[in-house]
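Q: Quick paste from Swiss-Prot:
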- 1-18: transit peptide (TRANSIT)
- 19-123: topological domain 'Mitochondrial matrix' (TOPO_DOM)
- 57-87: region 'Disordered' (REGION)
- 124-414: domain 'ABC transmembrane type-1' (DOMAIN)
- 124-145: transmembrane segment (TRANSMEM)
- 146-168: topological domain 'Mitochondrial intermembrane' (TOPO_DOM)
- 169-192: transmembrane segment (TRANSMEM)
- 193-241: topological domain 'Mitochondrial matrix' (TOPO_DOM)
- 242-265: transmembrane segment (TRANSMEM)
- 267-287: transmembrane segment (TRANSMEM)
- 288-353: topological domain 'Mitochondrial matrix' (TOPO_DOM)
- ARG293, THR294, LYS295, PHE296, ARG297, ASN356, SER357, GLY358, GLN359, GLY406: glutathione binding site (BINDING)
- 354-372: transmembrane segment (TRANSMEM)
- 373-387: topological domain 'Mitochondrial intermembrane' (TOPO_DOM)
- 388-409: transmembrane segment (TRANSMEM)
- 410-716: topological domain 'Mitochondrial matrix' (TOPO_DOM)
- 449-690: domain 'ABC transporter' (DOMAIN)
- TYR458, GLY482, PRO483, SER484, GLY485, CYS486, GLY487, LYS488, SER489, THR490, LEU491, LEU492, ARG493: ATP binding site (BINDING)
- 697-716: region 'Disordered' (REGION)
- 700-716: compositional bias 'Basic and acidic residues' (COMPBIAS)
Amino acid sequence: MAPSIKLSTMATSLHRAHGTSALLRRPRLWAPRLSSIHATPTIANLRASFTTSSPRLFAPNGSAKDESKPAVSTVPKTTGRGPSDPLAAIDKTAQEQRKADWAIMKEMSKYLWPKGSWGDKARVLLAIGLLVGGKVLNVQVPFYFREIVDSLNIDFSTTGGSVTAVAGAMILGYGAARVGAVVSQELRNAVFASVAQKAIRKVARNTFEHLLNLDLSFHLSKQTGGLTRAIDRGTKGISFLLTSMVFHIVPTALEISMVCGILTYNFGWQYAALTALTMVSYTAFTILTTAWRTKFRRQANAADNKASTIAVDSLINYEAVKYFNNEAYEVGRYDKALAQYEKNSIKVATSLAFLNSGQNIIFSSALTVMMYMGAHGVATGQLTVGDLVLINQLVFQLSVPLNFLGSVYRELRQSLLDMETLFNLQKVNVTIKEQPNAKPLTLTRGGEIEFKDVTFGYHPESPILRDLSLTIPAGKKVAIVGPSGCGKSTLLRLLFRFYDPQKGAIYIDGQDIRSVTLESLRRAIGVVPQDTPLFNDTVEHNIRYGNLSATPEQVIEAAKAAHIHEKIISWRDGYNTKVGERGLMISGGEKQRLAVSRLILKDPPLLFFDEATSALDTHTEQALMENINAILKGLGQKGEKKTSLFVAHRLRTIYDSDLIIVLKEGRVAEQGTHRELMERNGVYAQLWRAQEMLMTEEGEVSKKGEKEEVGEKKEA
């Protein structure tokens, strides 16, 4: 099973982003470009076109680009409510960042207190109850400690008695309070886990669903590595944000308030004022410093996305890397991105050291002053030693949540940044939408397709189709031919509503496709692309993808109809054979026959074949075309023959079409049957003769080579 060969890294990356139809026009083995047929075709010219010209890539702006030159993206930027690039690192002012943070927290509060979900609300309330109970028990611990110290401040040799009699009850109370606080904390975590995980699932699912619903232009302009990395970090941030909101920020504020109240009541306002001042200073320093550090983390995230994207692209395009000996180049690209990540991560680490040092200085200074005040009270007889211990324990007990709050705030900022990217993805506008009153597509005429005065360009200022009008009769086999960039594959994208035309309309049986539901429209169209997108799963799964409810018997019948069954059962694992990433473990011809099997299983009334036999040898191509023609003659659910469109450069594969439409410069140059077009002696006739001449010469060259090889063997 030879792997299919990809001609460039751009080919595979564009295919991966596209996922539905091939974006590239492979160099034809013997079919010359229609764009070159204006001159009288000669054998010398035809040979030169294949031996000296670079492969040409299909350009969305309607032109053909030389692959030897650096490719420039022609995909329009995503427009809508979200940013043009939701993955980009955008520096914001402090006010803008706070506004964005509050918007995210407001959004997440919906998941914290979900409407209609009384079970989740009960869990949140129970978690809060356990939280308050745990904090109350935690604050009781220093009081037990004070009583133990004061009760033991006696001369046991004089008074007699034992530790159990003097402080036993308080020691048990001390232990019970600590155990109760810990148990409450763990129960709280267990109760709230369900709420957090449900939120993660909902956000991740909504984001994934939104990505699948986004326009083709978005996926052409984004790289999978960066998207998956952003989703991964964002979903992890959700759990931390919800947990920190409920279990860290609110509890710490509650504990600080309780400690300040206790200090004021027992020892005077001075202790409470010093504690409050310390907390305010600590919090302000943490917030300001973390806000300053945010830009370093954002830059590190951008570098991380870049490195992940490069790694994924290089591994997916493994064969292309090997074909051109570019391992060192790819490693260099990856290392360059890692170097940028290293640079920004060092800034993150050094600024973190500054933050930690400042926090410890503030807290330690305040604790030192408070201990001096307590020691002075003991010396003057106003306080007992137990009171000094109580003050120390109460304030020092705040160090744990405060230190944790510092790290929580840092991680909270990180989570908010990650979630900002995630929610920005959800804000990217979907431009291809159903009308509110959209109805299912109904084929009342058998599937007649009409393009009426259609003008479209990926860039509006550079239209590919210009006032294009054509009709594809219902139940007929129609071929679309023309030079690369004339809009052949664009017809499918418009028909499938990946894009809407800037002008004009497209009708199926008289129904404007913009007025029907997307689900019914796309279910009615079956596609066999030039480069078949396959999942890294079994052969059976990839065929069944055309109809997920199909039985194993139906899968086998579809494979037989596509002339791939015998090949599949010859493999060791048969239909359970894994095809590899994008089907790289099987040949291009096998991939295309799997695509035909998938189409047969879907059984749609409208069929689109985009160079569907380009990777097949002549014998297999002929057999498969005969089988496809037999399928086309099959009747649909209502008795109509299937309407089929073939995009082709090999004219021998479509000469028997009921109608052949030749596109040129975004318009219909001519149309008719093969006989009519040959009699007209126009563009189509020139191309046909050019291909026939080339095939004749190639046959002569092949025979000459065989004779020379036989002669050499005889001489030997």
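Glycine residues also receive a Cβ, built from the backbone N, Cα and C atoms like all the rest.
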Q: How far apart, in angstrom, are the most distant Cα atoms among the ATP-binding residues TYR458, GLY482, PRO483, SER484, GLY485, CYS486, GLY487, LYS488, SER489, THR490, LEU491, LEU492, ARG493?
A: 19
Q: Compile a sequence-ordered list of residues in the same chain as LEU491 (ATP binding site), six or more apart from it, whose Cβ lies below 8 A from its Cβ; state 'none' when nothing qualifies.
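A: Looking at Cβ-Cβ distances below 8 Å from LEU491 (ATP binding site), excluding near sequence neighbours, one finds PHE451, LEU465, ILE480, LEU645.
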Q: Between the transmembrane segment (124-145) and the transmembrane segment (242-265), are there at least three Cβ pairs closer than 8 Å, leaving out pairs fewer than 6 positions apart?
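A: With 3 or more qualifying Cβ pairs, these stretches touch.
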Q: In the same chain, which residue numbers or ranges, 6 or more beyond the ends of the transmembrane segment (267-287), come under 8 angstroms Cβ to Cβ?
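A: Sequence-remote neighbours of the transmembrane segment (267-287) are 256, 259-261, 355, 358-359, 362-363, 366, 369-370, 373, 377, 383, 387, 391, 395, 398, 402, 405-406, 409.
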Q: Compute the C-alpha separation of TYR458 (ATP binding site) from GLN359 (glutathione binding site), stating it in Å without decimals.
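A: Per the Cα atoms, TYR458 (ATP binding site) and GLN359 (glutathione binding site) stand 54 Å apart.
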Q: Reported as an integer number of Å, what is the Cα distance between ARG293 (glutathione binding site) and ARG493 (ATP binding site)?
A: 45
Q: In angstrom units, rounded to an integer, how far apart are the Cα atoms of LYS295 (glutathione binding site) and ARG493 (ATP binding site)?
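A: About 40 Å separate the Cα atoms of these two residues.
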Q: Given a Cβ distance threshold of under 8 angstroms, which distant residues of the chain, six or more beyond its ends, lie next to the transmembrane segment (242-265)?
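A: The answer is 105, 108, 111-112, 124, 127-128, 131-132, 135-136, 138-139, 188-189, 192, 195-196, 199, 271-272, 275-276, 279, 391, 394-395, 397-398, 401-402, 404-405, 408, 411-412, 415.
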Q: By the count of other Cβ atoms within 10 Å, pick out the sparsest of the binding-site residues SER357, SER489.
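A: Counting other Cβ atoms within 10 Å of each of the binding-site residues SER357, SER489 gives the minimum at SER357.
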Q: When the Cα-Cα distance from GLN359 (glutathione binding site) is computed for each of the binding-site residues PRO483, GLY485, GLY487, SER489, ARG493, which gives the smallest value?
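A: Nearest by Cα distance to GLN359 (glutathione binding site): ARG493.
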Q: To the nearest Å, how far is the Cα of GLY485 (ATP binding site) from the Cα of SER357 (glutathione binding site)?
A: 62
Q: Could you list the residues of the same chain, at least six apart in sequence, whose Cβ is under 8 A from the Cβ of ARG297 (glutathione binding site)?
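A: Counting only residues 6 or more apart in sequence, the Cβ neighbours of ARG297 (glutathione binding site) under 8 Å are ASN344, VAL348, ARG413, GLN414, LEU417.
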